[in-house]
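Peer 1: Following this message is one structure expressed as structure tokens.
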């Protein structure tokens, strides 16, 4: 149980990362990923990277610059413009539904306008899931200048698109439904200086 704990990625740039263990029974047709981050980076960096053998950016939360988040599904992305972080924690949730292709993005408990992404796609279930790096190959192929430096916490992945109430509950660290990746019962392995 990592409640009230954080992963500190100490070096910049870095080759360090955290491998997350999840048992996915089948491909994902809907999902929500949430996490909290704290950084002073202004260069591009990956936060959550879910790669399959056929697609390195199967699911990716990526921040190319301080005022933008990119949310990838199946190698395609939508961008969400945000106010530049004033050196504070940021809580993000991104959800996607295959049936409608609707991608949602929430920052600090508030929704951004929904966008369309990869309608009808299916996210593969055999995956390498990493924090702190952006994969350019299955479980590797890192560019150290896309690495994360700072603190990460409250990482969750659900096999459903969460309702607005649950998105707000995630931001407020309230009770949440059972998750595939759950910060309170996280299987993980640290690689490098974390």
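The backbone N, Cα and C atoms fix where each Cβ goes, and this holds for glycine too.
From a predicted model like this one, the values you see are computed outputs, not experimental measurements.
Annotations per TrEMBL:
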- 34-93: disulfide bond (DISULFID)
- 3-194: domain 'Pentraxin (PTX)' (DOMAIN)
Peer 1: Near residue 34 (disulfide bond), how many other Cβ atoms are within 10 Å of its Cβ?
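Peer 2: A 10 Å sphere around the Cβ of residue 34 (disulfide bond) contains 26 other Cβ atoms.
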Peer 1: Taking only same-chain residues 6+ apart in sequence, whose CB is under 8 Å from that of residue 93 (disulfide bond), what do you get?
Peer 2: 32, 33, 34, 104, 105, 106, 162, 167, 170, 171
